[in-house]
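As annotated by TrEMBL, domain 'EamA' applies to 10-136, 148-276. Feature annotation from TrEMBL assigns transmembrane segment to 9-27, 33-51, 63-82, 88-110, 122-140, 146-167, 174-196, 208-231, 238-256, 262-279.
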């Protein structure tokens, strides 16, 4: 990875690390599907504005079925799972569990023949899984997480992994801005019926509106510009390694907001970070 790649990876982790606390705050007043929907809508507005300013066209019609699938895997489904999961999981624990994304990405890439197995790769996967398991154990015993919430967040991480691999395969040749803008627009359309016919928000606080707007603008719009630009330059596993840096931000923002950060969470982050170098060298 070049210095530019490392810089963009750092910025992306900062944006996404902030997202977990924003999801928690938005979820105090908005139903989960509304958190995911408004995140998609605010993010789409940012990217559609950028497409207008730069005169970037939407992808050709033949790509829209694939983009709809990617919108489901990269946006609509995982964002709904995070909003549901964080009802019973602290934002700091959620950010650590999200570090399972590169592990899932690697396993999927191996299954599709995109990567070759190696001892380093196996070591990275085992160490990363140990860190996630330590975090889950500490979160459950410390009252910072429920099993159902943990499973929802791991389902989101798995969805990200599948989406990352497919994005590299199926969206090759398209400009990052057109891919990101199309996906967030499609994610909004996918979530809209569920929000329309489900529970509606009432008495929404200014903090919740600010949280969901920031979640869309920074955690979706600007972040996805960086994500797809990175994905066009490096491997899916390397791109998803942003989730190794992200928990540090998640712990920082969670602690700043008054969440209890237990010893198991700190140890879990440390173990997950130990698994990052073998995975990067292997890919």
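Including glycine, each Cβ sits where the backbone N, Cα and C put it.
Predicted, not measured: the structure shown is a model, and the values here were computed from it.
Long-range contacts of the transmembrane segment (238-256) within the same chain, counting only residues at least 6 positions beyond its ends with a Cβ under 8 Å from a Cβ of the stretch, are 1, 5, 9-10, 12-14, 16-18, 20-21, 90-92, 94-96, 98-102, 105, 157, 160-161, 164, 227, 230-231, 265-266, 268-269, 272-273, 275-276, 279-280, 283. Comparing 9-27, 33-51, 146-167, 174-196, 208-231 for CB pairs under 8 angstroms to the transmembrane segment (88-110), the maximum falls on 146-167. Taking DSSP states H, G and I as helix and E and B as strand, the domain 'EamA' (10-136) has 104 helix, 0 strand, 23 coil.
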